[in-house]
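Quick look at what TrEMBL lists:
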TRANSMEM  40-59  transmembrane segment
TRANSMEM  89-111  transmembrane segment
TRANSMEM  123-143  transmembrane segment
TRANSMEM  155-178  transmembrane segment
TRANSMEM  199-219  transmembrane segment
TRANSMEM  239-263  transmembrane segment
TRANSMEM  270-291  transmembrane segment
TRANSMEM  297-317  transmembrane segment
TRANSMEM  329-351  transmembrane segment
TRANSMEM  357-377  transmembrane segment
Amino acid sequence: MIILLERIGYFATRPMLVSLALQDVETGGMGMSGDRVSTLVSAMVLFRLGTPFVGGAFAAMLGPRIPLISGLMMCSVGQIIIARTSSAGMVTLAFILIGLGQGLSLPALYTLLAEELRGPQEVLCSAAFILGYGAMNVGALLLPTMVDFSRASGFRLGFAVMAGLSLTATVLAVALTLRLRRLPASEAAPSQGTSLARPFFGSLTLMFLLALPYLGTLLSQILLFKALPGEPGSEELRAAYALNPTLVIASVALTASGLIWAFRRQHPITVLLVLGVGLLLGALTALPPLWNAQASLMVLAYCCGAVAEPLLIPLAGARFSTALSPRMAALMLGLWFTLTNFLADVSTYLVGSSWTLPLMALCALVAATLGVAFTLFGRRLDGLLFSPGATQNGSPRDNGQLHA
């Protein structure tokens, strides 16, 4: 619920701020100029790229609870300022508070989730990360409604509603942090005598291995989205999110249910194996645009992308979180969200260039290669990347196994 409320604010704040600023350029109520609006939009991109890493760093230094609550409070204060002010300077201050607040809260929230679902509940951590990704898409799905409501009722009322949602998320976060127990040291960090070097570098390796496949999936989504006539969604949603959030929400529910079912049935499924399936699906999404296939294959590839993306981002994040100590996991999550945001922004600029299709072909080849490797050798690769060196019965520890 906290992720859902925070993501509604994340997706709706940017288009609402831009619409408010453009409206003010026409009416002159707050004295904003076109140059100031351009600066505001550019600053939004910088906040989107930089604040997740800052949030992860604060969660690593202070623990996730303080950055989570303070980040949500900053969003609430910023939205209240916009709802009540008539000054361009105060709107700029509010934007800074909202941008920093969103960057602080997201890595901290996932770090807190990983803290509480560590050890024997790792599969639940993976499923929870996937469900959290689904909550993000609910926020994207509600974006047109929030923007249309703000335009019809006035942006001040719209931001007042957003402030109410952020305050509700803050209250829930405070209640959550008061209720959740702090994990014992034996569960909150790797045991004494083991080295963090391999899990740390394994996390970095996996992160950058997934960069090209994720970029290829994004490029495929945008091209497929443009090739599908009648895809619903407002212009803001079409510009900010290529996949239909409804499809992603359905695939998230299916995937998370499958992971929990496999856990209850004690099937020896590894996180890297499931990631391998996602990579293979991501590679398939590139084939119809590359071959200029018929509409039916375009639709099939579009649906494959709806399953692939919710596997790549949350499962990788869950694997980082369960392999590392909570403090190091917070830093890694901040870096991961920064990288994925950067790739999402870059993909919109790459589409339409002369080398879009060759780049997609390269990304699909990398995704297919990694997908086959993870699917066939997932358990061995997981031990190679993430085992801290301790052994059980002469074999590397398999911390990424999704079974009891």
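Cβ atoms here come from the backbone N, Cα and C positions, even for glycine.
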| task | Could you pull out which residues elsewhere in the chain have a CB under 8 Å from any CB of the transmembrane segment (40-59), counting only those six or more residues past its ends? | result | 14, 17-18, 21, 66-68, 71, 92, 95, 99-100, 102-108, 111, 327, 330-335, 337-338, 341-342, 345
| said: With pairs fewer than 6 apart in sequence excluded, do the transmembrane segment (123-143) and the transmembrane segment (297-317) have three or more C-beta pairs that lie under 8 Å? | reply: yes
| message | Using a cut-off of under 8 Å between C-beta atoms, tell me which stretch among 89-111, 123-143, 357-377 contacts the transmembrane segment (199-219) the most. | response | 357-377
| Are the transmembrane segment (89-111) and the transmembrane segment (329-351) close enough that 3 or more Cβ pairs fall under 8 Å, when only pairs 6 or more apart in sequence count? | yes
| Counting only residues 6+ away from its ends, which parts of the chain sit with a Cβ under 8 Å from the transmembrane segment (270-291)? | 126, 210, 213-214, 216-217, 219-221, 223-224, 227, 255, 259, 297-298, 300-302, 304-305, 307-309, 311-312, 315-316, 318-319, 357, 360-361, 363-365, 367-368, 370-376, 378-379, 381-382, 398, 400-402
